[in-house]
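Chemist: The structure is given below, and queries will be raised subsequently.
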């Protein structure tokens, strides 16, 4: 059985690819809930006040998601606990968290990762990272249409988004919980183009074959013309 986790910045297309990939492989998608997150709008309205609360909220939900996914062992997750510290550390670096909040956050994360390490299946089987440029990121954020994510909502978001993209390169290089691969989200518009979608799916299947984690009962005849 196979557990795949996705990563990538806001607007990269993680949720769309999660749905496409889970249907293609016949596995269960795990989506991070955003629209009913009570803290996220508060964070965008007052980032310094709510950065710690938001990250603890996400950390808790991501912990439960990865535990369930590793237990069921047949899933695709659109974001995971392995990516969590990237966001909090970035907010801490720009003064949105106190030293006490930083210490508390990392203690919580350490305890949760320790619990995962005691599970029968400890890690995912593959990380699929979607790499996008700033322009692609903003284009998809506009298309998604969440008001509090738009540049017009807050003039500081441009710097925040550009900084976030810079944090991803070292994070990906250091990630070592599983095999990993990169999808070029600028080159392949898997959300709108069926041809690009097929290329991306083929890339992921090839990687799963390489690491010996392609589901044994997978049928390549599965229709990939999925509405993302």
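The first residue you see is number 1, and the count goes up from there.
A Cβ is built for glycine as well, from the same backbone N, Cα and C atoms used for every other residue.
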Chemist: Pick the one from 32, 100 that Swiss-Prot also lists for the substrate site with 44, 55, 79, 84, 149.
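Modeler: Of 32, 100, 32 joins 44, 55, 79, 84, 149 in the substrate site that Swiss-Prot records.
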Chemist: Give me the CA-CA distance between residue 16 (ATP binding site) and residue 32 (substrate binding site), in Å, as a whole number.
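Modeler: It is 12 Å, counting Cα to Cα.
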Chemist: Let me check the 10 A CB neighbour count of residue 12 (ATP binding site). How many other CB atoms are there?
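Modeler: Neighbour count, Cβ to Cβ under the 10 Å cut-off: 24.
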Chemist: Given the recorded positions 32, 44, 78, 84, which one's Cα is the least distant from that of residue 8 (ATP binding site)?
Modeler: 78
